[in-house]
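Here's what Swiss-Prot has on this protein:
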- 1-46: topological domain 'Cytoplasmic' (TOPO_DOM)
- 47-67: transmembrane segment (TRANSMEM)
- 68-81: topological domain 'Extracellular' (TOPO_DOM)
- 82-102: transmembrane segment (TRANSMEM)
- 123-143: transmembrane segment (TRANSMEM)
- 144-161: topological domain 'Extracellular' (TOPO_DOM)
- 162-182: transmembrane segment (TRANSMEM)
- 197-217: transmembrane segment (TRANSMEM)
- 218-225: topological domain 'Extracellular' (TOPO_DOM)
- 226-246: transmembrane segment (TRANSMEM)
- 247-266: topological domain 'Cytoplasmic' (TOPO_DOM)
- 267-286: transmembrane segment (TRANSMEM)
- 287-304: topological domain 'Extracellular' (TOPO_DOM)
- 305-325: transmembrane segment (TRANSMEM)
- 326-345: topological domain 'Cytoplasmic' (TOPO_DOM)
- 346-366: transmembrane segment (TRANSMEM)
- 367-379: topological domain 'Extracellular' (TOPO_DOM)
- 401-415: topological domain 'Cytoplasmic' (TOPO_DOM)
- 416-436: transmembrane segment (TRANSMEM)
- 437-443: topological domain 'Extracellular' (TOPO_DOM)
- 444-464: transmembrane segment (TRANSMEM)
- 465-545: topological domain 'Cytoplasmic' (TOPO_DOM)
- 546-566: transmembrane segment (TRANSMEM)
- 567-573: topological domain 'Extracellular' (TOPO_DOM)
Amino acid sequence: MEPAEDSLGATIQPPELVRVPRGRSLRILLGLRGALSPDVRREAAALVALAGPVFLAQLMIFLISIVSSIFCGHLGKVELDAVTLAVSVVNVTGISVGTGLASACDTLMSQSFGGKNLKRVGVILQRGILILLLCCFPCWAIFLNTERLLLLLRQDPDVARLAQVYVMICIPALPAAFLFQLQTRYLQSQGIIMPQVIVGIAANVVNVGMNAFLLYALDLGVVGSAWANTTSQFFLSALLFLYVWWKRIHIHTWGGWTRECFQEWSSYTRLAIPSMFMVCIEWWTFEIGTFLAGLVNVTELGAQAVIYELASVAYMVPFGFGVAASVRVGNALGAGNADQARCSCTTVLLCAGVCALLVGILLAALKDVVAYIFTNDKDIISLVSQVMPIFAPFHLFDALAGTCGGVLRGTGKQKIGAVLNTIGYYGFGFPIGVSLMFAAKLGIIGLWAGLIVCVSFQAFSYLIYILRTNWSRVAEQAQVRAGLKSTKELIPTPADLPILEREVMDGVILPDIIRPESQTGQLVVEENSQCAVPTVGEVLTGRQLVFYRGMALTVSVAVLIAGIVVRVFNDRG
């Protein structure tokens, strides 16, 4: 390139060009162009607008249990240990189950709303209410025997007895907590998040006030804190219901209670059960890890408790992006827009990855001081600082895995997530962590090293699966779930046949497959309509509905009765 002259006659030297291989240069330019395209920027803004309030709402819910621990911690060590164990029991055997089962709505509601089959969203909510209320009975059976379970785990008898008192008071709170989970999904599928934040703030104000009044004014101790927690759960559910009713958010999606809510339970549970395992496997692993840390020594337990709290708070950011992913991807697929779903998926992974990287760097930089938020014990602080360099990369992989899980929920592929979670945690990571913890005598440092194996396996497996996703095919399946297309309209290619066979387990019913619960059903589908609520799959007759739903109720109640019998037997023994 020859030198040129400007308007004043000065010589302008051409800039030096950096020689880059043509293929590599093209890839870099295309990557930058894609990352900075208007579509990606708009999508990132939409995702952040969803993820931010979800983070705040989740933080508000998390604070309710933390407040109970803080108040009871001032009563004494036994009271603090009892409340900590009681909250763990409620979370592991109750809240985690409801959270997982309600996650089926992330798929069904978001896809139906995206496909403009609005009344179907309300029917799915009704279906979820009935199924989750039935699931309360088995959870209550475990609640009734909390003391016995804790004694089997070699916990202090006084702590176990007091924990049983706390859990018993929380029994009526479980249906309220489940209903709140469903209400949250109902609003999230429509892109409505802020009401949960407002309600969460109000519930925390009520919780703090009731804890102070019941513990100090009435001197009720742990019992008072339990009642404050239970009241807060009812307050959350009731206030959110009143908000929906007052703002008339339900007008277009709620057609009143209908017999349709008794149909399609198989489709719901095919998504709900894998969703439950996606949530519970990880949740249970951390709770078990905390228990194992207590078997080493008190310092290890204290450090594990601190890191667990930090992990819970840090995970709320990718959790928010996971919810945003399930909503945006589900809405796009329900509308049949495969390109938008792909864009949402790519953008949310970039956003979550950047945020997780920043959080990981921050925690690593603050590794020597972050534990002072929770304790002044020098030994615990020192151990936490040793684990933080391991936790930082753990959080990055965990964030990617959690966000990918949101994408899988949006696409209706929870079964894949459940299988990969099981393999990652119980096939590889957790056994390695326990071996390093005890055999290698590394304590919780070894445990978290094993957990990195879990989440890295999850993250890479999820990413590979998502990269291989046929978005056009998934969009067609989403429209079947949304009641907009018949499965007969899906024209398979020979390569699709193995996939189609698996879709029966993912909630998409093929016309040539007969459900075990119906012999004479017919496929009913109506085209895109805001009023019609088609039943996807076979329609059960009235007699079949009474039999199968009656059996579900009978089994649930029988489990509760068995729990009562075990409790009575143990009390007499």
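Cβ coordinates come from backbone N, Cα and C, glycine included.
Summarising model confidence by region, the topological domain 'Extracellular' (367-379) averages a pLDDT of 83.
Residues 144-145, 148 of the same chain lie 6 or more positions beyond the ends of the topological domain 'Extracellular' (567-573) yet place their CB under 8 Å from a CB of it. By the Cβ criterion (under 8 Å, sequence separation of 6 or more), the transmembrane segment (267-286) is in contact with the transmembrane segment (123-143), since 3+ such pairs are found. Through the fold, the transmembrane segment (444-464) approaches residues 285, 289, 292-293, 296, 300, 303-304, 307, 349, 383, 386-387, 390-391, 393-394, 397-398, 400-401, 404-405, 407-408, 417, 420-421, 423-425, 428-437 of its own chain, all at least 6 residues removed from its boundaries and within a Cβ separation under 8 Å.
Contact between the transmembrane segment (546-566) and the transmembrane segment (47-67) is not supported, since fewer than 3 Cβ pairs fall under 8 Å when only residues 6 or more apart in sequence are counted.
Note on the topological domain 'Extracellular' (367-379): residues 299, 302-303, 305-306, 309-310, 385, 388-389 of its chain, located 6 or more positions outside it, place their CB under 8 angstroms from a CB of the stretch. Taking pairs at least six residues apart, the transmembrane segment (226-246) and the transmembrane segment (123-143) share fewer than three Cβ pairs below 8 Å and do not count as touching. Here the listed stretches are 82-102, 123-143, 305-325, 416-436, and the one with the most C-beta pairs under 8 angstroms to the transmembrane segment (162-182) is 82-102.
Residue counts of the topological domain 'Extracellular' (68-81) by helix, strand and coil are 11 helix, 0 strand, 3 coil (DSSP-based).
With DSSP states grouped into helix (H, G, I), strand (E, B) and coil, the topological domain 'Extracellular' (218-225) comes out at 4 helix, 0 strand, 4 coil. Counting residues per DSSP class in helix, strand and coil order gives 13 helix, 0 strand, 2 coil for the topological domain 'Cytoplasmic' (401-415). Each of 47-67, 82-102, 123-143 was scored by its Cβ pairs under 8 Å to the transmembrane segment (305-325), and the highest score goes to 47-67.
Residues in the topological domain 'Extracellular' (567-573) partition by DSSP class (helix H, G, I; strand E, B; coil) as 6 helix, 0 strand, 1 coil. In the topological domain 'Extracellular' (367-379), helix, strand and coil residues by DSSP number 6 helix, 0 strand, 7 coil. Same-chain residues lying 6+ beyond the ends of the topological domain 'Extracellular' (218-225) with a Cβ under 8 Å from its Cβ atoms: 68, 71-72, 75, 79, 82-83, 162, 165-166, 169, 210-211.
Listed as Cβ neighbours of the topological domain 'Cytoplasmic' (401-415) (distance under 8 Å, sequence separation of 6 or more from its ends, same chain) are residues 103-104, 106-107, 110-111, 270-271, 274-275, 278, 315, 318-319, 321-330, 333, 341, 345, 348-349, 352, 455, 458-459, 462-463, 465-466, 469, 474, 477-478, 481, 502, 505-508.
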